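Shown next, in structure tokens, is the structure this report addresses.
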Amino acid sequence: MILVLIMVILMMIFIVQSIAFITLYERHLLGSSQNRLGPTKVTFMGLAQALLDGVKLLKKEQMTPLNSSEVSFLLVPGISFIVMYLEWFTLPYFFDFISFEYSVLFFLCLIGFSVYTTLVSGIVSKSKYGMIGAIRASSQSISYEIAFSLYVLCIIIHNNVFNFMCKFNLSLLIVYIPFLIMIIAELNRAPFDFSEGESELVSGYNVEFASVAFVLLFLSEYGSLIFFSVLSSAMFFSFSILASFSIFSILIFIRSSYPRYRYDLMMSLFWFKLLPVSLIMLCFYAVVFYY
């Protein structure tokens, strides 16, 4: 019991540390894509930039909006971070001491629950911008999670297990491209970052958050980004550090290369293109592997 508790605490520390370096790596990649340097002024090659940014955020004052509950204003970002943290326990490659057989079902429950934290954070902020961003996030979640679950079911049928212990197989690569699109939508990353559209919603659902609350939302967002990069590597490439790093880099380059999609086009993409394709793929895998 004590050993498990120590491992859980160490894992949280490692996740937070990885987020610090990943944000620095992202800023350098975005700078390189625009033919400029990233942060280079703080210590050697800007290595302490992410750490000092975190300290600066923690020193900010948290102003609770009028007519909003201070407890819920801090509770919702905390729940968002816990949901992101629990997602990591579905990966048996790292956490054999706590993983279980039906981890895929637990993972689907977590990503279904994560949208409620976004929705409630927009509600408790008592801001029109935050509310619009939260509504967009919830409608986007309803659209993509159905197709996302069907693609995951295709992989379950292919491997005949309910966890993420998968081996590399070329037949799964036809699922990977739509799966990558689903991941971008799940993470609210460009070009599907409608819940945080800066040009129209200032910052979206997190516009009123600062200090510790904003740090928790930031950690949950980038922790999920790292998790889904590792998850894609585990599901399609037998878990490779190089594959995880490459997938994360692809997500960053997509952000730097493509403008924000139009909202109605995104909804039609999910409902009229990706969902029918996922149903066809599910029927195909079911027929091939069970009949």
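The backbone N, Cα and C atoms fix where each Cβ goes, and this holds for glycine too.
Per Swiss-Prot, the features are as follows:
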{"type": "TRANSMEM", "residues": "2-22", "note": "transmembrane segment"}
{"type": "TRANSMEM", "residues": "71-91", "note": "transmembrane segment"}
{"type": "TRANSMEM", "residues": "104-124", "note": "transmembrane segment"}
{"type": "TRANSMEM", "residues": "142-162", "note": "transmembrane segment"}
{"type": "TRANSMEM", "residues": "164-184", "note": "transmembrane segment"}
{"type": "TRANSMEM", "residues": "211-231", "note": "transmembrane segment"}
{"type": "TRANSMEM", "residues": "234-254", "note": "transmembrane segment"}
{"type": "TRANSMEM", "residues": "269-289", "note": "transmembrane segment"}
Contact call for the transmembrane segment (142-162) against the transmembrane segment (269-289), three or more Cβ pairs under 8 Å: yes
Beyond the flanks of the transmembrane segment (234-254) by 6 or more, those residues with Cβ under 8 Å of it: 22, 25-26, 29-30, 33, 91, 93, 155, 164, 166-168, 172-173, 175-176, 179-180, 183-184, 187, 189-191, 225-226
Per Cβ pairs under 8 Å, the stretch of 2-22, 104-124, 164-184, 211-231, 269-289 packing most closely against the transmembrane segment (71-91): 211-231
Outside the transmembrane segment (269-289), six or more residues from its ends: residues with CB under 8 Å to it: 143-144, 146-147, 150-151, 153-154, 157-158, 160, 174-175, 178, 181-182, 185, 261
Top partner of the transmembrane segment (2-22) among 104-124, 164-184, 211-231 - counted as Cβ pairs under 8 Å: 211-231
